[in-house]
Structures are given as structure tokens and as C-alpha cells.
């Protein structure tokens, strides 16, 4: 089978291929097609993959192309991991927001809205080409903002698009390890939107909820990243996804970002430029590995420094990140081997506070027929209005993309809890339009 990776010159691609090398006989993938608009990046990442495959028998062949339809032809699976505007766009997302006095994080607040306004048009184009060229393919979406992009693509591809993120998987894994239980021994209540979810129940075979005991034990809670990041969670009654720190302490996180030597996007852009040069110059695999370790070590560094959460956990023996989730989905689909995973899929009545077509992040059963959301308990009361507000923002972004409406883009900013002010919202949209050619469609 053929796996096509869109955004094939991206930094995460070697992680996917490395995981595939360890599991390709189970997935049935014999060929990987990398597609990207940048031939230089394709060549660089291709050399990293060649080094990874050097001593692996029967490694899937790697083909590169800049042509989208060529890449999609014959694909059984498509991983979409594009970054419209590149890291240049992310830097603009950040500095425009900071200049207006609001947060410019990649997927949260003003920066996330600007990124969505760039990502959605291209993702719709990709979905249309998949429907035309590879209608039987499964599309697994990595592209951020993942929930928003998955919802846009689902309007064309229906349930054949599945969005993934490793944040909820990592959160649940850390909590279950601390509780000393295996995933098969419990039923979890985790729900929300991408980068806006909560773990609010861990039920054993008798129906007893194990989570309150953990939340009431500060010592045990502090052994997991989220416990150190958020502190006392007894009143909340849930463990939030790490990205909720931006919502729970907006002033503190904004001040931390402002006081940092550079924004995350600026750091990554400099690192990326340096690393692709080093890849081309000699030791591609070592250059990529060094850069990836540095990226992981500095992930959400401002938030962890602000709260004293310490260094990020990294245990190579634990389940992998995005690549592990993606391959688990692909394996379940390809082999019709049921798996339970937290994914971004259409709601279908799972959360009664949202309509059925809204893409939500919930536990799902995945098999050869696709991903179906599993029942979860009702969202905690404190989460409902926040989820509704961010989903309303998503819908306004989709309206702005569909109609080219500047007014809808401004209203998306106004609706988001981390912007709100109409004058700031208008300033943000006009500044983004001035600096991002990808937003010229907004009139």
C-alpha cells in the first residue's frame, strides 16, 4: 500500500518514517510518497529517511514529488501535515498579536485564528483533490489548528478524514501510569476540542472513578506534567490539556511570552534554517536528531518556567507522539483491528452541547470501517461555555474562508475568549491581512 505524506519536507516526517520502519509489516505500507512545495526541503528530509532505512530489510520505498495529484494517485492513506505560510507565517501570527497586546500562540487565540484563516483554504483544496484522485483513501490530518481543519475537510470527505493530536494521549498515559492501571482496565472520560480538552473521569471495572483520589493527593499529582503546570485541581475536578494554561492564566502566559528572548516561531524558524543547511552539508540524520531533541526540550518552555513545572518529561520507552497515534489509526483501519484512541471526529451526539457535525476531541473506537466516538460523561460545567465559544470561533473562521468576509474574520476574533475587544479584533485582522499574502482573500 501507498502512504502519501503532504508536507513531506516537514520536520516531523522522519518520526513518522522511523515509526513505520518498526511496524511496516503490520501496516502493509510498501511505499511512502513525500509531497511538498519546497524541493530543497524534500531532498533534505529524503536524505534523513534514507539514513534511517539504511540497515532495515524491506524498508518502504520513498518517492518525492512537488505535484499534489501525482502524490495522491494510488494512495491508501494520506497524512496531511502542511504549514501554509511556513514558519514565516507563524512569526507574523505571534508578533502581530503581541503588538496588539494579546496572545499569539500557534493554535490558541489571535495567532490560532490567523493560522486557521491560512490553513483552511489549502486544506479544503487538498480534500477536494483527495475526493477526486483518491476517493477510497483515508486522510489522517496533522495540520493545525487540527480540529478546525478536520471539520473543514469533513465537509468534503465526511468520516474518511480523522484528526489527530498527541496531547490528550500523553495526558491520559501519564495519569494512568500514576494511578497504576492499564488502558484496558478502565474507561476514560476525556472530551472537548483540540487543544481544549479535559480528562474528568477514570472508571475501573466496578464503575468507581479513580481520578478524584489522584486530584486529592498533591504529591502524586505533582508527578505528572499537568499537575505541576496547573497546581491544585480538586475544585476543577479534572486534569486539563496543557494548552488550557493559556486560558486559565492569560496575563501570566502573555507576560512570559513577552519577556522571552524570542517567540517560539522565531526560535523554530532560526533552528529550521540552520538544520536544513546542516542536513545538506553532511550528516543528515544526526543534524535532524539534534534539532528534534532541542525542539522537544523547549516545548511550551514559557508556561513551564512561569509555573515552576520543570523540564518536560521525555521517556523514549513510552508511547510515541503524533507518529504513534497516526500509525495506530492506520493499523486499525488497514487491518480491521479495533483500537481505542482519542481523536478528532464529528460529534454525532457525543457532546450534547454541540451539534452533530462539530468536530470534537473524544475517545473513539477505530476499525476497518472508520472511527466512531465512544460515549463519555457530560462535559464538566466549567468547560461548557469555553467549548461553545471556541467552536463558535471556528465556525466564523469557516464562514470567513467560504465567503471571503473580513467582517466574519473580525467577528471570529471578537468571539474568542482571549481577544474579545472589537477594536483590537479589527486591528488584528487588518494587520494580518497587510503582512500575510495568504489572507488577501478577506475583503
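The backbone N, Cα and C atoms fix where each Cβ goes, and this holds for glycine too.
Features as listed in TrEMBL:
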BINDING   90, 144  substrate binding site
SITE      106  site 'Increases basicity of active site Tyr'
BINDING   165, 195  Mn(2+) binding site
ACT_SITE  166  active site, proton donor
DOMAIN    190-419  domain 'Glycosyl hydrolase family 4 C-terminal'
ACT_SITE  243  active site, proton acceptor
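The structure, with features from TrEMBL marked on it.
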residue	record	Cβ within 10 Å
90	substrate binding site	25
106	site 'Increases basicity of active site Tyr'	21
144	substrate binding site	22
165	Mn(2+) binding site	26
166	active site, proton donor	18
195	Mn(2+) binding site	25
243	active site, proton acceptor	20
Using the alpha carbons only, what distance in Å do you get between residue 106 (site 'Increases basicity of active site Tyr') and residue 90 (substrate binding site) once rounded?
7
When the Cα-Cα distance from the residue listed as 'active site, proton acceptor' is computed for each of the recorded positions 90, 144, 165, 166, 195, which gives the smallest value?
195
Out of the binding-site residues 90, 144, 195, give me the one sitting nearest to residue 166 (active site, proton donor) by CA distance.
195
Whole-number Å distance between the CA of residue 165 (Mn(2+) binding site) and the CA of residue 90 (substrate binding site)?
19
